[in-house]
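Novice: Right, I'll just put the structure down here and ask away after.
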Amino acid sequence: KCTHLRLACQTEPKPYYMSKQWWCGIILLGLGEVGNFTAYGFAPIALVAPLGCVSVIGSAFISVLFLKKTMRTADILGGTLTVTGIYLLVTFAPNVPQEITARQVQNCLVSWPFLVYSILEIIIFCILLYFYKRKAVKHIVVLLMMVALLASLTVIAVKAVASMITLSVKGKMQLTYPVFYIMIVLMATSCAFQVKFLNQAMHLYEATAVMPINFAFFTTSAIISGVIFYREFQSAALLSLFMFLFGCLLSFLGVFVIARNKKEEHLQVRFIDCGHIPGQNLTGKIQPDSHSSYYGTLNNEDDLVKSQG
């Protein structure tokens, strides 16, 4: 964003992909995603997925430094709620073994809870897709619900792949099992379709509306998939489960508060460059007063219009 704003102020802006600053941002973003992927191999899905709200807090505060935005009271309140929720999430997250072997993944794939969950998810996704394709219903909830349903498969596959790679690095080879490559295909396919529907939502609606709803849907879907596929809350106490869900609720609320009534910043690009009009200054008016008899002509053409009259 900082690169795009800087390039827009130049008289002869170059393509953004020619900027070293833009590439630096892309590399940092890639490193962050690698870290997020690796985290699934060491921590439960129910903990990693909700911690995505840290990026929302980071964006709100870093934008003050790099984009020169003003800090709002809503940002401070939302950040406080989110940090409180994060503390509860980390404290009461499920404590389950995270070394998931290929054989365990195979057993989970054919377990009856996951089969029932998969059938219900496919039915719901087909209904939403029917309304999206046949009825042209492109409501933000419909689009982001499809993203969330695909995300549940993505996090299952990501955790399986990350866990098997981690075990293989430790000396317990898991990459020879076919299920490893099945999970890679599932991860790539579900990610690709997520991008399609999320891009559609970003095209039709403001990012400030898409961001909090997508975060809430994605996190809920990821937690449910972790509970069903990896049985992460199987031995959790009722109090721990309640406090964990309360932490999720606070995180959701904090993200909504930060994004609420936040105006989009658009690049100011002139539709007509006045400097290319002979006899006109860059700050000169293109049109005369709308109540004038010469409305619709350039200012320096007034004499010509009078002579023609």
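Think of each number as a place in line: the chain as shown, counted from 1.
Glycine is no exception: its Cβ is also placed from the backbone N, Cα and C atoms.
Annotation comment: TrEMBL describes 21-39, 45-67, 74-94, 114-132, 139-167, 179-198, 210-230, 236-259 as transmembrane segment.
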Novice: Determine which residues of the chain contact the transmembrane segment (21-39) at the Cβ level, with the cut-off under 8 Å and only residues 6 or more beyond its ends counted.
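Specialist: Same-chain contacts beyond the ends: 2-3, 6, 48, 52, 55, 158, 162.
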Novice: Sort out the residues at least 6 away from either end of the transmembrane segment (139-167), same chain, that have Cβ-Cβ distances under 8 Å to it, and list them.
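Specialist: Hits for the transmembrane segment (139-167): 37-42, 45, 49, 98-102, 105, 121, 124-125, 128-129, 131-132, 173-175, 177, 179-180, 183-184, 186-187, 190-191, 193-194, 197-198, 200-201, 204-205, 209-210, 213-214, 217-218, 220-222, 224-226, 229-230.
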